[in-house]
Structure formats: structure tokens, C-alpha cells
Amino acid sequence: MTEQIKVSEVSSILRQQLEGIHTSIKLEEVGTVLQVSDGVARIYGLDNAEANELLQFDNGMEAIVMNLEEDNVGAVLLGPTDQIKEGDTVKRTGRIASIDVSEGMIGRVIDPLGNPIDGKGEILGETCEMPLERKAPGVIFRQPVNEPLQTGIKAVDAMIPIGRGQRELIIGDRQTGKTSIAIDTIINQRSNYEAGNPVYCIYVAIGQKGSTVAALVNTLQEKGAMDYTIVVSATASDPAAMQYFAPFAGAAIGEYFRDSGRHALVVYDDLSKQAVAYREVSLILRRPSGREAYPGDIFYLHSRLLERAAKIINQPEVAREMNDLPESMRDKVKGGGSLTALPIIETQAGDVSAYIPTNVISITDGQIFLETDLFNQGNRPAINVGISVSRVGGNAQLKAMKKVAGTLKIDQAQFRELESFSKFGGEMDAVTAFTIDKGQKNTQLLIQPQYSPMPVEEQISILYCGTQGLLKEVPLDKVHEFEARFLQELRTSHQRDVLDVLKTGVINDEIRGILEKTAKELWVH
């Protein structure tokens, strides 16, 4: 007799079997490469792709969407073009192009995607995902620039002061010492690092030779500056897209420190090469070209990058409401941080009225203009004080420096004018002769060797001698000898009562008296 099959049992067995089946389907949007050339791929089938979205090819290479057209998307490749061919499949990642930033990046050399390229292994530490492109903080979340960023360069700190949160352009022809000013500024932050209040430095090398970047990293290591510095490098052999995105990676790393209540300095060396890389990418993407074949939004490229430098309001509850804050940063936000930018632009034959230089001059808060003639005369740093300016740094300058060097810029301008007249010969009255003598000696005082930034208190001391005419008896060729002896005397005999007080920004009659007495005693014939 056959067993009767119960309907209830069958249904329960079927139910158990069906419950064990995984019916979830993972949907991935996949496209196909239609065409690839010169670092740009045209892809069909990614109808929902977003601008600046990261795409991934089968071989692991990544690309970033830049053009959204009716029937295809144009994406820039972040790797060699020859590794991608027509017909390859591409998938969306759903992520906007970003970089994973962590404390472990400090002291490392990375590419614009955050991958280490210094051969020291992977980067460790908790990471925060920071978007490469991000809106700058609104006016509500900023405060005025009021804290100095000491460069250690006498001519800059005295006449063209830079504040934390400022954008100061360094502009000049090739081989005039633009990078040297930026590197000296980074080296000068060593004292802040040792005092426990570091200014984290990000040096972005765009389109430079690999050997140049290696030599620069070596210099920073020798001076102990890599302890608080990150180098982002996109060399001349890297794809144009990497050179284009490198400054955005530097800004994203700087924002990580800025938004967590710390101070950062980012150097873009140089934005002329970024503009050329962007022009190359835009032309291959067949975007309409404008003046000098640059795309129409080249101004917006630099303005949106440099606007990200800011001094954040010192109220954490307000700072936490900052616009476009990445989710990974929400619980780390503190107020009072800053991001200072030093963009570098290379001019051709001193032409500051060219397209890209005028754009960046109008975006930044001032410029340091370097001249080939001054450089060749031995006036280094070769700063043309007449057309160099700092529009907001004056509010951040130390009071002692402002008192001592307040007239230095005008004095030097008058000296240059009188000097050009004196070349015609003829007799000079005593006042003119004194002005020229003082100007020549001040010019000598402002000359400074490379990689030897000077603490601000020593700058104030020696510039006091120059501006007050205390070098009247010192021969012109002995000014540097006097400077070395004078500063050595202050370090050995007046560290606490003069230098330490000047460091706080205070100068009084007692200190003035000591400085004048020391200068006179030092040069007694």
C-alpha cells in the first residue's frame, strides 16, 4: 500500500527549499569603449554616468567622466592609453573622483590618486575620503586673515607679508627662483613643527621632471621638512589628466587639515602647466576653444581651485554646518583651521599681461613678482618690490615688523628712482646721497642665500639697523659681515631680553636702545 502524500507536507518542503534560494541580483551599469586616443576614451552605454564620476576598466585602470554627450560619455584616462582598446568594457563605480587622505601621508610622495610612489610601502592610518572637486567654504564659515605665515624670507615678511588663509601668487620667468621661495617657506615651518603647532605643507609638482622632484624631496629631507610635508607629484611623463587633477588632490589634502582645525600650506608648482594639461584634455574632448586655444572655462578652473584656500571661523558649531562637507569628515570638524595657497605661474619674457598670468593675478590676494635682471645682478630673491603686493597680509603682520619695516617698501622705491637719476652724473646733495647709501645697504640686507630662512625676530633686528640708518658707517661690501656678527651677538647676549620679546611682536624703547648700542659697538673703527 503506497503512502499517501500529504499536501501540507509538500507545501512546507517547497517553502523550505525556496527560502534557501538567493534571488538578489547585483546590477552593474557597464559600457563599451567606442574610441580611445591621447588619454581620452569615448564610452557607449553609461547613460546614467555623472560628471566627475570614477569609472573602472576590466584591467583595473580608472578614468574620470568629463564630457556627458547624447549618445556617449568622454572620460580621461588615469593611466597609459595603450592599455585600453576599442571594445573594452567599463563599469561605473558610483563614486565621485576622490582621494583617501590619512595622517600616514605625512612625509610621503604620492600621485594625484593617493597612491605612494616613493617605494616605502603602503600608506597606513585611518583614511577620510575627500573629493577632488569641492565647493569652497561660504562667507559665513570664513574669518578675516589675521595670523601671519612666516616665510623666513626678509623681503617677503617685511614688505609682502603673507597671512594664514591667504592666496599669494609667485610669478616670474623660468630660472628666477620661484620654487626656491616656496621651498624656503616650507623649510621655515620647521620651528612651528618643533613648537607643537605645525603648519602641514603640501607641495604639488605639476609636469616637472622626475629627477627635479626627487632632488627637491631630498632637500626637504635634509632640512627635516618632510616631517610635516606631503609631496603630490604628476611628472611630465604622466598623462595630461593626472597633471590636471594634481592641484585638486593637493587642495583636498589641505582641506583635510584645514577642516580638522589645523593649519596647512599648499604650493602649486606650477599652474601654467596645469592650464596646458587642461587645454590638451579639452581639445581632445572637442570642447570649443577660446583665446590661445584654452577652453572658455580656464578662469573658472583656477578660481574654483584657489577659492578653497581659507581661514575657517573659530566657532566649531558654525564650522560643522560648512557647505559640501564630506561625510567622512563630519565628526572631525573643528573651527579655526586655515589653508594657505602659494600658486606659481611661469611667464614668458616677463610678460605679466598674458592670459593665464592676468587670470591668476585677479584671483589671488597679491603677487610676488620675480625678475630675471634682478636675479642676474645677484639680488636674490629677485623680487621686484614695485609691482609685488600683498592685499590682505598687512593685517596679519607682527606689530614689531610693521613698525620696523613699515616704510621699507616706499624707501626702496624712492631709492630705485634716485639711483636711476644718479647714473647721469652730477653732484648730489647730502640727503640724496644718504638715501642712496641707505637704499644700497638695505638692498644688501634683503639678499638671502637659498635654503636659509631666518626667524622673524632676527629679521626685525637686522631690518631695524637698515631702516634706522645704523649702517651709515659700515662699508657696502661689509654689510653681510656686519649682519652675521650682529645676529651672533644678539643670540649669545640678548636671546631672552630682545629676540624672545620680538618673537611675540613687541618692540619697545628698551629693545631699540639695545639694538642701537649693539650695532654701534660692533662697528667701532
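Backbone N, Cα and C define each Cβ position, glycine as well.
Since the structure is predicted, the reported quantities are computational estimates derived from the model, not experimental observations.
Here is what Swiss-Prot records for this protein:
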type	residues	note
BINDING	Gly172, Asp173, Arg174, Gln175, Thr176, Gly177, Lys178, Thr179	ATP binding site
SITE	Ser388	site 'Required for activity'
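Feature map: Swiss-Prot annotations on the structure.
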| residue | record | Cβ contacts under 8 Å, 6 or more apart |
| --- | --- | --- |
| Gly172 | ATP binding site | Lys178, Glu346, Thr347, Gly350, Phe369, Leu370, Glu371, Thr372, Ala382 |
| Asp173 | ATP binding site | Glu346, Thr347, Gln348, Ala349, Gly350, Leu370, Glu371, Thr372 |
| Arg174 | ATP binding site | Glu346 |
| Gln175 | ATP binding site | Thr372, Phe375 |
| Thr176 | ATP binding site | Leu370, Glu371, Thr372, Phe375, Ala382 |
| Gly177 | ATP binding site | Leu370, Phe375, Arg380, Pro381, Ala382, Gln450 |
| Thr179 | ATP binding site | Leu216, Asp269, Ile344 |
| Ser388 | site 'Required for activity' | Met159, Ile160, Gly366, Gln367, Ile368, Phe369 |
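Other Cβ atoms within 10 Å of the Cβ of Lys178 (ATP binding site), summed over all protein chains shown, number 26. Secondary structure from DSSP puts Gly172 (ATP binding site) in a beta strand. Taking the centroid of the Cβ atoms of Gly172, Asp173, Arg174, Gln175, Thr176, Gly177, Lys178, Thr179 as the ATP site, the other same-chain residues with Cβ within 8 Å of it are Glu346, Leu370, Thr372, Phe375, Ala382.
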